Amino acid sequence: MRSLSGKMHEVIICEKPKSSEKIAGALFPDAMKKKHGKVSYWEHVEGDKRVTIVSAVGHLYSLRPRQSNEEHFFDLEWAPIHEIDKKKGYVKDYLNVIRKFAAGADRYIHACDYDIEGTLIGFNALKYGCGEEALRKTSRMKFSTLTREEIQRAYKNPIEVDYGQVDSGAARHILDFIFGVNISRSLMKSVKAATNRFIKLSAGRVQTPTLAILVEREKEIRDFKPVPYWIIRAELGEGIIAESKRGKIFKRELVDSILEKCQGSDAEVKDVRVRDTIRKPPVPFDLGTLQSEAYRVFGFSPKKTQTIAQNLYTEGYTSYPRTSSQKLPESIGYEKILKNLAKNPRFGVHIERLRGPLKPHEGKKEDDAHPAIHPTGLLPSELSKDEKKVYDLIVHRFISVFGEDAILQTMKVELEIGEEEFSFSRKRVSKAGWMESYPYTKMEDEEFPEISGGDSLAVRSVSADERETKPPARYNEASLIRELERRGLGTKSTRADIIAKLYDRKYIEGKKIRVSPLGENIIDTLTRYCEKIISEELTRQFERELEDIMRGKISKDRVIDEAITEVRSILSDIEENLRDIGKELYRAYQDSRVVGECPACGGKLVIKYSPRNRSTFVGCSSYPDCRTVYSLPRGASVLKSLCEKCGLPMISYGRPRQRACLDPKCGKKKSEVEEVVGKCPECGSDLIKRSGRYGEFVGCKGFPKCRFTCSVDEVPEG
């Protein structure tokens, strides 16, 4: 059926405005950019065909209960997101453009990102924005980069919409809603029943088991009892330090016996072995390994890395980031990408070293939808400092996977001192290979001493180095993402958001993650009364079933029915212990609000909320007997550090974050509060200890002109 103009009307729907601009420019360079209100769209007319390119802005629709007055919400519907979340009012303008200019077309092309979320975004926009009829006229573009060539190829070779992706995506949203919303409401109801107070609490299908993992580690660290041990070390000539082959020695008497036995003896060289070890090139980045590497190299949070990688993809500089693949198929065009990258001398010097046929060293992980993360060959014209860091990391990784093996040489020397066996080793790179193209790896280059079997070496001293066993290491964001992946919790796209939510809820804090008392008490309470909420196995089961929905092995409705049954069981457990749960949660919440001691009466200073003023403040727990009160600036955080002048807690506030005393009358000026910890390696200004969402960090005083930051533990020397 033709439109009223007599021309066949085709609509291309994209996920985001920037993507729609890229796709319009690649397919129809002379397309006319138009505006309806604040929203842009594109039109192209050629012969008897009219094409309209419109954009979503992420999800246009979200879930809500059909009846908002029910006790529990299991009957849900999709509704425009701006009707549910008032902060999303801007979405209405995009939806209006789709309804006005896309409805009633002859043909639709779904051109959102090719993943579960992208497929669901486009499906809902078409179904609810253009009507059910639109779905029968829809085909799908599949692309992994927003380059002109790939967009044109995807347009000329459309595929069918993957309804397995649609159902899996919809089921995930429904499961997250019925778990998260119902259980969170039930927990808040328990507090209301026990104390007649309202506090905001949050639980989630993946969020709560993740918090439980962190609580388990917190308890392991707290319960750990360090045990002393000794390492016997011998100092020889030429800066050589050899260690006893006994390793850790836990008995002091044995240590004394060994030291006495070694006294006055030379070191006899028993064996010298030099061997070569091949170190293969790294594998291409999937999202998880990119996040881990960016955290290791730059200290970037996984969420920050994911956001930057998405921006680089949208600009057309790198491929789609939310991939599990460590494979680089030949079809991406290795030679063309490398040839274009070589136009930048910084990359060209490394590309020139590549020898022989181009064959990437690939990893085991695969993804049906997208290849590993790689540069497209399009050189950026302008990037922010952090975008440049991530882009360079991706490019160097891509080049290095085609590199030659590196060869590491290891020297192992075994010695005997007074009949006690010692050894030492040295390492050096004999062939750099791929390591020359990947500057983020450490190239060891230790000097090998000229020693042969039978030599006798003078011993300068033999001593015992006393140490203690250490507790398990705290998770950081990168290691937690790896742990969640190992345990099968969450997805590549959601894990960073889950961790960010735990920070936002104040359940965890710090780069080396610590669980707050509130976070720990929530898990302890849930473990006692309704352990199923924190069950990893239940979460894994639903992750497997969501995957099975996508592959057509199980129906969406069956999985949703299973989830409703499980949630009803959890809600029943909470209801049976409603007041006990509420009392414990409220006690934990109250403890988490204590920030110090009242200087007037010795009571507790507590963070409070004023409904009348809609603001938080710090007041004494002994109110009304004690009326000590301190206002808090909007968005302020109370820190653990204390004011050197009056002993009250410090606060951080403003953009960029400033630190000051809780008491504005203290007289502690901002300039006095700033703690200089070094010099910025990029601009030479002072480095200042600051406070932010993840706790304390170090930033350049030259902000915003210089945006250098690092953790408190990584302050550059000099």
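Placed from the backbone N, Cα and C atoms, the Cβ positions cover glycine too.
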Of 491-517, 518-544, 680-706, which range does Swiss-Prot call zinc finger? 680-706
Could you tell me which of the ranges 301-320, 361-380 is annotated in Swiss-Prot as region 'Disordered'? 361-380
Name the one residue among E15, D176, R322 whose Cα is closest in three-dimensional space to that of R505 (site 'Interaction with DNA'); these are the recorded positions. D176
Counting only residues at least 6 beyond its ends, the same-chain positions whose CB falls under 8 A of a CB in the region 'Disordered' (361-380) are 114-115, 142, 144-145, 147, 280-287, 290, 309, 315-329, 332-333, 336-341, 343-344, 387-388, 391, 394-395, 398, 401-402
With E15 (Mg(2+) binding site) as reference and a Cα-Cα limit of 10 Å, the qualifying recorded sites from H59, R172, D176, R322 are H59
I'm checking region-level scores; what's the whole-number mean pLDDT for the region 'Interaction with DNA' (202-207)? 93
D113 (Mg(2+) binding site) has how many other Cβ neighbours within 10 Å of its own Cβ? 26
Cβ-Cβ distance under 8 Å, sequence separation of 6 or more, same chain as R172 (site 'Interaction with DNA'); the residues meeting this, in order, are I116, L546
Output the one of H59, R322, R505 that, of all these recorded sites, has the highest number of other Cβ atoms within 10 Å of its Cβ. R322
Long-range Cβ environment of D176 (site 'Interaction with DNA'), under 8 Å and at least 6 residues apart: G204, R205
